[in-house]
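**Student:** A single structure is presented below for examination.
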Amino acid sequence: MIYIAPSILAADYAALGDDVRKVAGADLLHVDIMDGHFVPNLSFGPDVTRAVDGVTEQFLDMHLMIEQPERWFETYAAAGGDRLVFHVEATADHLAAARQIRELGVQAGFALKPGTPLEPYLDGLDNFAEVMVMSVEPGFGGQKFMPEVLGKVLTLRQHIDERGLDTLIGIDGGIGAATIAQAAAAGVDAFVAGSAVFGADSPAEAVENLRRLATEARATVGRVGEP
Ligand code: DX5
Ligand code: ZN
């Protein structure tokens with residue numbers, strides 16, 4: 001299945017509830033939490049998360065771009081986060097972090113910066129509901145997609161399929177109508193899109209358009225080389 005995840009980082013904060021309602025047709029919402037340390041930018045925190053959770057039934061995928069994420073798991077689970085995706089670069093023990101998250105009754109995921117290798121994390125994949133491959137340096141919306149990270153997506157797709165896991169592959173950064181097909185063809189399941197959705201005249205139509213493009217391209221996964 002294809003999941004389109006609008007990133008509210010690109011929404012209008014003075015009318016956040018309205019913008020969230022505009023993308024009610026999206027499969028989940030991507031909530032970027034930045035602490036000004038792990039990334040050189042600040043976004044919002046638990047109070048805004050709770051407010052967003054109050055105006056939608058949608059699944060909240062929390063992208064925690066914060067140092068020592070373990071200190072915040074309980075807070076973001078209580079604020080309405082349905083999946084807590086932390087950065088492996090920010091923790092010494094990603095498997096312990098996954099356990100902590102699951103004990104809170106929510107899903108665990110991890111994210112990888114563009115330059116972070118995937119291999120050390122392949123063994124423990126079965127502990128995670130999502131792996132989020134960053135296709136820009138985390139910290140800001142509106143950056144250019146980095147196609148070189150798709151090698152990690154291909155490796156993940158192969159491992160997940162061979163091992164029969166249900167871990168989702170997410171991609172985050174620079175996803176829009178011009179880039180979503182290549183990510184989908186590499187095997188991505190969940191597509192984060194900030195500026196491509198909230199910068200569009202109709203965010204709802206942008207979501208549908210992205211879903212259509214991803215669905216068409218995803219149908220080609222594994223067929224490369226077939227007659
Ligand atoms: C970047 C964030 C992204 C951001 C994506 O650090 O993690 O989720 O919102 O924005 P776009 O889609 O504009 O690249
Ligand atoms: Zn993000």
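Just so it is clear, glycine is given a Cβ too, placed from its N, Cα and C backbone atoms.
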**Student:** Taking TrEMBL at its word that SER7, GLY139, PHE140, GLY141, GLY142, ASP172, GLY173, GLY174, GLY194, SER195 bind substrate, choose the one of HIS63, HIS87 listed for that site.
**Tutor:** HIS63
**Student:** Around ligand 2, within a Cβ distance of under 6 Å, which of the binding-site residues ASP32, HIS63, GLY139, ASP172, GLY174, SER195 show up?
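**Tutor:** With ligand 2 as the reference and 6 Å as the Cβ limit, the list reads ASP32, HIS63, ASP172.
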**Student:** Sorted by position, what residues of the same chain at least six away from HIS30 (divalent metal cation binding site) have a C-beta under 8 A from it?
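**Tutor:** Spatial neighbours, sequence-distant, of HIS30 (divalent metal cation binding site): ALA5, PRO6, SER7, ILE8, LEU9, ASP61, HIS63, ASP172, VAL192, GLY194.
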**Student:** I need the neighbours of the divalent metal cation site defined by HIS30, ASP32, HIS63, ASP172. Which other residues of that chain put their C-beta within 8 angstroms of the C-beta centroid, in sequence order?
**Tutor:** ALA5, SER7, LEU9, VAL31, ASP61, MET65, VAL85, MET132, VAL192, GLY194
**Student:** List, in sequence order, the same-chain residues at least six positions removed whose CB sits under 8 Å from that of GLY141 (substrate binding site)?
**Tutor:** SER7, LEU9, ALA10, GLY194, SER195
